[in-house]
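Structure first, then comments.
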Amino acid sequence: MAISNPPETYDQKLDPSTVSTPSLRRRPSAPDTSSTNLPPAAEEPVLDFSSSSSVSGVDTGSDGEIRRVEKVDSSTDGGVGDGGNRRGDVAGHVMEESELPLRFMYRASAPAHRRVKESPLSSDLIFKQSHAGLFNLCIVVLVAVNSRLIIENLMKYGLLIRTGFWFSSKSLRDWPLFMCCLTLPVFPLLAYMVEKLAYRAFISEPVVILLHVIITTAEILYPIFVILRCDSAVISGITLMLIASVVWLKLVSYAHTNFDLRALSNSSKKGELVYPSHDNYHDVSFKTLAYFVMAPTLCYQQSYPRTTCIRKSWVIRQLVKLVIFTGVMGFIIEQYINPIVKNSQHPLKGNFLYALERVLKLSVPTLYVWLCMFYCYFHLWLNILAELLCFGDREFYKDWWNAKTIDEYWRMWNMPVHKWMVRHVYFPCLRNGLPKGVAVMIAFLISAVFHELCIGIPCHIFKLWAFLGIMFQVPLVILTNYLQNKFKNAMVGNMIFWSCFCILGQPMSVLLYYHDVMNRIGRTE
């Protein structure tokens, strides 16, 4: 392409400040082909990159206008040298292909393979890549598959949710449980009175410990007695036991923390070395206790990180989500789980393949219910409560879904309980000379006891399925830790965790407890 304007007219169309190192020179009208490896070409501007690795150049269009080439990168193999020659063996004089004019791009002599690269799904890169597209694919597949299951279920059973799903005349028989729940705050009040007496040195330390043991024991036995005496619904009993367990954990933390604060205060008065912390200041305040009882935490302290304001619109949005996902849980339970368990046999008394088929069929809806429960309680409800109370520390869970071992899952999925266990069980055991393994076993034992209380007591059966299920986690912890140490970068432990979580855990427990409850009701009738 011939250039109509002489070289001295370039400055009229280009700002000299925008054109850096490359020099433009005009190719002679009759080029000497003896000094070049390429055949004679039409006249066109040539870019000289001999003195810069990243420069701006110019290009001419079909209309003779000079256009700017923004970037030249010397790291790319193959380039444009003096006289328009493109030589792949001249390193350091190469433009980025994406920035080159079309006539310079993808020449046959340009190398297509420039460096060592791994496939995106190889083991070295799979966890460094973005998988947003695969995540979207999973969402589409889940929507398609579950839409078909919903339609199939409605065609087979019809709509199973009735008007008495949320409240019926049978719900009135649960009023003793409701009254028991309303009277549970009496026990924190008693604990406050004991701490006030101890703060004023009216009672000795052994008496304080004895009174706290009596209060905490009565607090957990009181709802158990009420549930066993009343023929209440299982859901109502589970709700009461969960609330009573939370109050018990708070009472233990309240008593243990104040005991430690008194010990630190006495050590400070004697001139002994005390760990510097603002919590070492000991005071007993009813207002502090009342805030602790309502706050979304199980660990007592005299002050908490606080936020400055309440976002009312945010709270309303979370409440709407809470109602929606609670309805989704009810729909899945009534429409899917109940028909499956009603049409099943006892998993330990029937055909093995049949029991396995029932467990696998039950695994998906129970998983959905558990995930909805986790989202409703740990994310929505606890965050709503924290927002209303201006509670600052809202790490109620971590990314437990990425847990590579069972041990990681138990340390990440329920942070309030995990912090309570570490603070009031694990480290006290270590300070008293117990090995780490024994401390972990004690923590799992306490967890297993409360799981059994929260499920076995409302069901009025004592076969220890929940207790054994939690204690079975101990060998799984050892197994997954061994596999994680053996396969450093593999997700073997995560796969075992999800397999146990989705198949062997909850579906089997649901079938066992359902049939035991049905057998108990049948014998009673």
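Even glycines carry a Cβ here, placed using N, Cα and C.
Since the structure is predicted, the reported quantities are computational estimates derived from the model, not experimental observations.
As annotated by TrEMBL, active site applies to H451.
What TrEMBL lists as compositional bias 'Low complexity' is 47-63.
According to TrEMBL, the feature compositional bias 'Basic and acidic residues' maps to 64-74.
Sequence annotations record features per position, and here TrEMBL assigns region 'Disordered' to 1-91.
Taken from TrEMBL, the feature transmembrane segment covers 134-155 (among others).
Under the heading transmembrane segment, TrEMBL lists 175-194 (among others). Long-range neighbours of the transmembrane segment (175-194) within the same chain, counting only residues 6 or more positions beyond its ends whose Cβ lies under 8 Å from a Cβ of the stretch, are 203, 208, 211-212, 215-216, 218-219, 222-223, 226-227, 229-230, 232, 236-237, 239-240, 243-244, 247, 250-251, 254-255, 284, 286, 289, 293.
Per TrEMBL, transmembrane segment is recorded for 206-228 (among others). Long-range contacts of the transmembrane segment (206-228) within the same chain: residues 176-177, 180-181, 184, 187, 190-191, 194-195, 197-198, 237, 240-241, 244-245, 247-248, 251-252, 255, 259, 453, 457-458, 460, each at least 6 residues beyond the stretch ends and with a Cβ under 8 Å from a Cβ of the stretch.
According to TrEMBL, the transmembrane segment annotation covers 234-252 (among others).
What TrEMBL records for 319-337 (among others) is transmembrane segment. Within its own chain, the transmembrane segment (319-337) has Cβ neighbours under 8 Å at 153-154, 157, 159-161, 165-166, 362, 365-366, 368-369, 372-373, 375-376, 380-381, 384, 510, counting only residues six or more beyond its boundaries.
What TrEMBL lists as transmembrane segment is 367-391 (among others).
Marked as transmembrane segment by TrEMBL: 438-458 (among others).
Remote same-chain residues near the transmembrane segment (464-483) are listed as 404-407, 410, 440-441, 444-445, 447-449, 451-452, 454-456, 490, 492-493, 496-497, 500, 505, 509, 512-513, 516 (criterion: CB distance under 8 Å, separation of at least six residues from the stretch ends). Per TrEMBL, the feature transmembrane segment maps to 464-483 (among others).
Summarising the annotation, TrEMBL assigns transmembrane segment to 495-515 (among others).
Count of Cβ pairs under 8 Å against the transmembrane segment (367-391): among 134-155, 234-252, 438-458, 495-515, the largest is for 495-515. Here the transmembrane segment (134-155) has Cβ contacts under 8 Å with residues 335-336, 339 of the same chain, all six or more residues outside its ends. Counting only same-chain residues 6+ beyond the ends of the transmembrane segment (234-252), those with a CB under 8 A from a CB of the stretch are 171, 174, 177, 180-181, 184, 187-188, 191, 212, 215-216, 219-220, 222-224, 226-227, 292-293, 298, 300, 417, 420, 424, 450, 453-455, 457-459, 517. The Cβ of H451 (active site) lies under 8 Å from the Cβ of A466, F467, G469, I470, each on the same chain and at least six residues away in sequence.
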